[in-house]
Amino acid sequence: MPCEGCMGRDNVSTGATMEFLLLGFSELLRLRVLLFLIFLIVHLATLAGNMMIFLAVAMEPSRPPMLFFLCQLSAIELCYTLVIAPKALLSLVVVEGSTISFLGCAAQMHLFVALGGAECFLLAAMSYDRYVAICQPLRYAAVMSEGLCLRLALTCGLGAFAVALGLTVAVFRLPFCQSRRIDHFFCDVPAVLRLACTQSYTPELPLLAACLLLLLLPFLLILASYVSIAEALLRVTSPVGRGKAFSTCISHLAITLLHYGCATFIYIRPKSSYSPARDKVVSLVYTVITPLMYPLIYSLRNKEIRGILRKMLRRKKIAQVN
């Protein structure tokens with residue numbers, strides 16, 4: 001049963017006029033100018049890095065499947081950053097915290113979960129690409145056709161959108177207590193669930209279901225792909241061939257560990273263990289630092305990306321000279 005003082009959800013107009021207060025980093029008043037400058041620089045660098053990779057790969061006439069998926073990943077990271085960063089920066093400018101409407105909070109949560117889920121599915125698709133490339137090299141071109149890549153990318157987006165929509169609807173149908181202060185810099189699921197006026201674990205069931213679909217299922221697919229890859233590499237007698245094959249997976253493995261490490265810590269646990277200060281730090285790494293690392297990891301580790309970027313810079317220099 002809802003607690004006393006809960007906000008009635010049977011009034012249709014309540015959701016349109018209701019607002020939440022994002023406290024952000026209000027406890028760090030003395031550091032807010034420094035944090036704002038750091039966040040702004042990181043945000044601009046993230047946008048520039050992902051935009052550069054997206055444009056470089058999109059302008060390439062012939063793209064292998066891995067670069068196609070990388071282009072999708074950069075597009076997701078661009079949208080992902082734009083959903084979170086503006087409110088995070090605003091929370092550092094406004095001392096008392098920034099307000100966000102009921103619908104705005106729901107939209108931000110839905111987009112955040114949908115984009116994060118699409119990234120999980122896309123990482124699974126990329127692991128399948130690596131599996132086919134290493135375990136079935138002779139059939140790679142036939143299996144990883146352009147049509148299959150398009151279907152995989154579409155499935156990743158639509159599947160994550162549907163799961164995120166169900167989770168968002170389930171969360172915002174809950175009765176909220178009079179305190180509308182979200183101790184976070186964006187409308188994250190655990191932070192909003194903490195405002196729910198209920199003593200049971202029922203509100204956490206949709207989050208658990210979403211975690212199973214968006215985190216556990218892709219992770220198991222990635223794990224199965226890499227188990228098969230490891231078995232195939234053990235049969236390779238040449239250390240050079242084994243190292244070359246494994247090096248093609250390093251970038252994907254690094255990004256997978258970054259993404260799943262933070263996501264698992266934040267979402268796969270009960271509401272009772274929620275710690276605002278600790279969660280904000282982990283979310284900061286998850287939403288601000290990790291998207292910046294993706295273009296750095298891929299541009300440093302992927303020879304094809306480095307080649308495309310060099311060609312793009314050469315074209316730019318030639319255009320400037322002309």
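Just so it is clear, glycine is given a Cβ too, placed from its N, Cα and C backbone atoms.
As annotated by TrEMBL, transmembrane segment applies to 33-55 (among others).
The domain 'G-protein coupled receptors family 1 profile' (49-298) scores a mean pLDDT of 85 in the predicted structure. Summarising the annotation, TrEMBL assigns domain 'G-protein coupled receptors family 1 profile' to 49-298.
What TrEMBL lists as transmembrane segment is 67-89 (among others).
TrEMBL lists 109-128 (among others) with the feature transmembrane segment.
TrEMBL lists 148-172 (among others) with the feature transmembrane segment.
According to TrEMBL, the transmembrane segment annotation covers 207-234 (among others).
The transmembrane segment annotation in TrEMBL covers 246-269 (among others).
Per TrEMBL, transmembrane segment is recorded for 281-300 (among others). Long-range contacts of the transmembrane segment (281-300) within the same chain: residues 39, 42-43, 45-46, 49-50, 52-53, 70, 73-74, 77, 80-81, 84-85, 88, 184-186, 188, 251, 254-255, 258-259, 262-263, 265-266, 306, 309, each at least 6 residues beyond the stretch ends and with a Cβ under 8 Å from a Cβ of the stretch.
The transmembrane segment (148-172) and the transmembrane segment (33-55) are not in contact, since fewer than 3 Cβ pairs between them lie under 8 Å (pairs 6 or more apart in sequence). Between the transmembrane segment (207-234) and the stretches 33-55, 67-89, 109-128, the greatest number of Cβ pairs separated by less than 8 Å involves 109-128.
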